[in-house]
There are 4 protein chains.
Amino acid sequence: MSGNTFGTLFAVTNFGESHGPAIGCVIDGCPPGMALSEADIQPELDRRRPGTSKFVTQRNEADQVEILSGVYQGQTTGTPICLLIRNTDQRSKDYGDITQTFRPGHADYTYWRKFGVRDPRGGGRSSARLTAPTVAAGAVARKWLQERYGTTFRGCMTQVGELAIGFDGWEHVANNPFFAPVADVSAIEDYMNALRKAGDSCGARLRVTAQHVPVGLGEPIYDRLDADIAKAMMGLNAVKGVEIGDGFASVAHKGSMHGDAILPGGQFASNHDGGVLGGISSGQDLEVAVAIKPTSSILVPRPSINTAGEPVEVITKGRHDPCVGIRATPILEALLALVVMDHALRHRAQCGDVAHPV
Amino acid sequence: MSGNTFGTLFAVTNFGESHGPAIGCVIDGCPPGMALSEADIQPELDRRRPGTSKFVTQRNEADQVEILSGVYQGQTTGTPICLLIRNTDQRSKDYGDITQTFRPGHADYTYWRKFGVRDPRGGGRSSARLTAPTVAAGAVARKWLQERYGTTFRGCMTQVGELAIGFDGWEHVANNPFFAPVADVSAIEDYMNALRKAGDSCGARLRVTAQHVPVGLGEPIYDRLDADIAKAMMGLNAVKGVEIGDGFASVAHKGSMHGDAILPGGQFASNHDGGVLGGISSGQDLEVAVAIKPTSSILVPRPSINTAGEPVEVITKGRHDPCVGIRATPILEALLALVVMDHALRHRAQCGDVAHPV
Amino acid sequence: MSGNTFGTLFAVTNFGESHGPAIGCVIDGCPPGMALSEADIQPELDRRRPGTSKFVTQRNEADQVEILSGVYQGQTTGTPICLLIRNTDQRSKDYGDITQTFRPGHADYTYWRKFGVRDPRGGGRSSARLTAPTVAAGAVARKWLQERYGTTFRGCMTQVGELAIGFDGWEHVANNPFFAPVADVSAIEDYMNALRKAGDSCGARLRVTAQHVPVGLGEPIYDRLDADIAKAMMGLNAVKGVEIGDGFASVAHKGSMHGDAILPGGQFASNHDGGVLGGISSGQDLEVAVAIKPTSSILVPRPSINTAGEPVEVITKGRHDPCVGIRATPILEALLALVVMDHALRHRAQCGDVAHPV
Amino acid sequence: MSGNTFGTLFAVTNFGESHGPAIGCVIDGCPPGMALSEADIQPELDRRRPGTSKFVTQRNEADQVEILSGVYQGQTTGTPICLLIRNTDQRSKDYGDITQTFRPGHADYTYWRKFGVRDPRGGGRSSARLTAPTVAAGAVARKWLQERYGTTFRGCMTQVGELAIGFDGWEHVANNPFFAPVADVSAIEDYMNALRKAGDSCGARLRVTAQHVPVGLGEPIYDRLDADIAKAMMGLNAVKGVEIGDGFASVAHKGSMHGDAILPGGQFASNHDGGVLGGISSGQDLEVAVAIKPTSSILVPRPSINTAGEPVEVITKGRHDPCVGIRATPILEALLALVVMDHALRHRAQCGDVAHPV
């Protein structure tokens, strides 16, 4: 049972390989009657596309999205929306040297063990390039949630390698290639330059949030909103940790300080729980943090084996992000939007549109 | 779309409320021909049951499991296995005072907002008591995985509140009420006693692992093994964070040290990735850590509101765990087993039984 | 992937064996806030229960349903509803002689080939007794649909063996053991008596309909309303054919007479299509017909084999319905209700509550 | 929850509209390591494509399929297979006159009532053109089943309108445009010519079978093999009835003649049950019959209403099949193959590859 569909009622089925003819997805379950065109989706794809700065892979992909179905006269019809993105810059020769070897930290080894066959060109199916259709689908979800509930999503990088990043304000995120919420990113640039000089890579910590989330979303006891958020985040390439609200800091907390006091009108005095109580949205902002491991594709030689099981030394040339976290912000926002969208439809199915009033 | 089923091919549907007549689950998809009786399940339920020490709730539940279907002459038949646990000690009066108020940090408020109605007796559906059927189903999965692949699961508490717990060895876990891997738990006892005296609660950090996991389990790009592990863990009551492998420590890592070198024979020189590469099991031990927030039911008065929206002060009397993390270890083991079991069947469906040899 | 769950959003998971301790189901996804008690369910179970006339099996089962969860103070809470029915009259000795042989026309052979193990007591899992939980779940769906949309369901037997049954009116259905819509059932009684004397069995044709079905239910292109109706009906034990609207008579029709003319106000001049157009409900009555094969359990000796593959002669003693169609009417009504209920929630998820007005 | 995915483990997600830029599907769950190219799929598409005789629509579509993903170096990789078919001949003007009216017997009315918006060009999503991706996916399933189990599928037309068609042999089916198993089709040609002269349409009856089906496929009690076959068949445009084995003829049968005697070696003396017992394949040929209603698009004027609810008279010009049954045979074969394929993987997940030997 191959797991390439995200969501249950707003179901996004992803297809394609990094160096195949095209990548894309089919969205099944989008409500009818919403205005939609490529112009609503392209900006989000542009935020994550490669080649936008010297700090990310130089692969040059326009990532132009084409709507193949599900929209008539600029309006969603309720039928499946197929979003297609043609691959244009496929320099497979970059990857020729790794077709018979397994790159440490990569999915090469496990894909081969699982399927007995793999497409090694650019990581094939395991490439982070496959997050583009996720971002495209997320843009559709974001539009519907924004129009219906005013729900919005935003994220930023809060740490890169050993370098903690402060918070000057959300307005700065769009003004630098790191999605950093700070006015001055020179320290980050210096850090990244040193890293590139060393042919090495580093990890990152990111934050993603949602505002104006309807109260009552989440399907305990198993399909809780926080559980599905954790799945979505941990499912992103290179993510090794997920926190909601205070996350691991909660371990050292006392109940007397952690529990968010409830105020009249359904307000809260704090948000230690990150907007989720018992797996259901409380109406507070969703607060999520993720840990991203360092890119496995580096110039530093690493011991590994080949498909014959013989020891080899691997150096990964080609075009890679020294820190995959740099381009992860729009992807995390899209994933959070897809989770909220799916749960909004699930809530509507069982309980109807409006949450029970305070 | 109510989310009370865990898993896709080994599907566990959970039912019941804390103070209703019974709780239980139906397992659909268990392979036929496995020897199974209540004796295979009861020991796991006994590990998590309340009333076993002065450091956990004194509610007295035998948690006796009854197999209602799916087993004939001591063997699974491949038909649904219904596991029933009758509730016996239902002292609802303990909870009478909170039927009209919302306990901060609890699901009271969100259940009421979502459904417009809730069973307040002992938290109703949101009670941690509903983890018992999960543990029972996990015992069935553990037996099949152990017999077929030799896969085993174990866990322990690694921190309680501010108190870090060392590691003397797995053999100590069964010898103390905290599932702590240390010979001397007096420090933990002192910490818990002080906490109880203050009428307060604390969080905890736990570790859960799996050994002898088949290579090739996981369904990228969305239903990755690590993604489903994160969902299972974050879906447990009070969990606020999940890590796989080095987790958040990976943020400060360099690629040159993080990527696990692959050795001939499919061995690895390290396990920074916690047994998962590209969302697929590598054959290394699965290494998972979770953060559990402090119990929300405390004697310290907290501001909140009632169902009329009026401000009230809440003190939670009754029988509660001062640290829900204390009894969480067997639950986390069961959840990890259910994820591995489901993915073992999913792998078998598409790729057949055996992973591609090295 | 064991298929014991009916429906997607109103999901009914069935468990139990004919001669195990109990049978039942878990309903996940029932909307909250509906008044519900055993008294709403028991009447439907009583309509299908055995031992009610000399023309059906004399097995004596009270089929008393117990609600184990999902209802608090007489109201559904939106959490899983577990319905339990204890088996009381388990005369397994009746079946001892067939544990090693396969009854022609029965599932004995295929269950054994599929699972390698089977519970032979009364057919185990393949017994028509397992339709009881389906009927119980159907009663819950019927109540919600009736209260919300005024949707009602009814059915009758239209042919038994070679004997066609006329139609005097729906009011007669409840007044005879055959669910026949005729005032005088003496011909049916004579036919059945002769059949019993011969130790033989016969088939039956039944009709089931729904009135006041909301317009717009059905999820083309695959999960069409008519497709799911066909699955539900063909999934009932012994059913070999399903028709919607004019069914097989449509083959000889001309388009000029078959297509139902649409009248102002969303009325139709005829109902050749049986209430479904393009897989979506039109608002007309749903009209379904099913063919049920003769009971395979007969006294007439039949050639077969045993588990050793040796030829044997099988005579099925014990308590059996000479025509399983006699008790099928309430089951077909329940199945149709479950399909409509599931699609009502599915429609609500994507399109909201109200169909687009004419 | 939009129902555009067929199957659970071999999951085919269909997208596109009759006159949009393209139609296609994504197959998720195809086993890896199977040789696959467009040449394996195109022949099946050619069998159903329009414009092949004067008795079907003259729309000229090459229906050229393109594999966009999931295949590397001519081999399936286990990742999603996207199959794309560009629409080329889109003469929308043919349909301009029906954008504001509802054609009797068509899905126009119900799509509009359900979604509040519809793509009227050629029926949009409800067009039989959307069966092309189903046929393409079916070709992939057929190849895998043929290679692994030797399973084959074939079908034919057995009645057109009032005209019953005999059976001279399967070899004739490919030699006439009607998929009729007879040497001389002049009677059919005369019947169709008269029908076209009258501007009318007619229904048809078809038969579809499978040979060498593995024993043990089917997931009772709800996802029975026969139930899923019925859903697949009834889900095809214009189908109003489905029979398995003797179907409606079983009503008048006696148990003493109907039950198929079992012979040593797992053979059967007859096949009244059409290859399914208790919802599980018996190893006999699957025997299915379907009833198809007359095309609703005819030149004979019919009363209807428009989107304003006003009475109108509808004449459907444009290019239509006078009998949609004529091109249905390859579609029914594909649907049966998809059902068997899905159940083969489902069986493997729970029970492993091989059925229990006799």
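Cβ coordinates are placed from backbone N, Cα and C, and glycine is handled just like the others.
The number of other Cβ atoms within 10 Å of the Cβ belonging to A:ARG48 (NADP(+) binding site), over all protein chains shown, comes to 24. Per TrEMBL, NADP(+) binding site is recorded for A:ARG48, A:LYS54.
All chains included, 29 other C-beta atoms sit within 10 angstroms of the C-beta of A:THR295 (FMN binding site). In the three-state DSSP assignment, the secondary structure recorded for A:THR295 (FMN binding site) is coil. Per TrEMBL, FMN binding site is recorded for A:ARG125, A:SER126, A:SER127, A:ASN237, A:ALA238, A:GLY278, A:LYS293, A:PRO294, A:THR295, A:SER296, A:SER297, A:ARG319.
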Interface-proximal binding-site residues, chain D, C-beta separation under 8 A, candidates A:LYS54, A:ARG125, A:SER127, A:LYS293, A:SER297
A:ARG125
Taking 10 A as the limit, how many CB atoms besides its own sit near the CB of A:LYS54 (NADP(+) binding site)?
11
Could you check which of the binding-site residues (A:ARG125, A:SER127, A:ALA238, A:SER297) sits closest to A:LYS54 (NADP(+) binding site), going Cα to Cα?
A:SER297
In whole Å, how far is A:ARG48 (NADP(+) binding site) from A:ALA238 (FMN binding site) when you measure between their Cα atoms?
16
Check each of the binding-site residues A:ARG48, A:LYS54, A:THR295 and report back the ones whose Cβ is under 8 Å from some Cβ of chain B.
A:THR295
Of the binding-site residues listed (A:SER127, A:SER297), the greatest number of other CB atoms within 10 A surrounds the CB of A:SER297
Which one, from the binding-site residues A:ARG125, A:ALA238, A:LYS293, has the smallest tally of other C-beta atoms lying within 10 Å of its C-beta?
A:ALA238
Which of the binding-site residues A:ARG48, A:ARG125, A:SER127, A:ALA238, A:THR295 sit near chain C? With a CB under 8 A, the answer is none
According to DSSP, which of helix, strand or coil covers A:ALA238 (FMN binding site)?
coil
Which whole-number value in Å describes the distance between the Cα atoms of A:LYS293 (FMN binding site) and A:ARG48 (NADP(+) binding site)?
18
Distance [Cα-Cα, Å, rounded] between A:SER297 (FMN binding site) and A:ARG48 (NADP(+) binding site)
19
Alpha-carbon distance [A:ARG48 (NADP(+) binding site); A:ARG125 (FMN binding site)] in Å
18
In terms of DSSP three-state secondary structure, what is the assignment for A:ARG125 (FMN binding site)?
helix
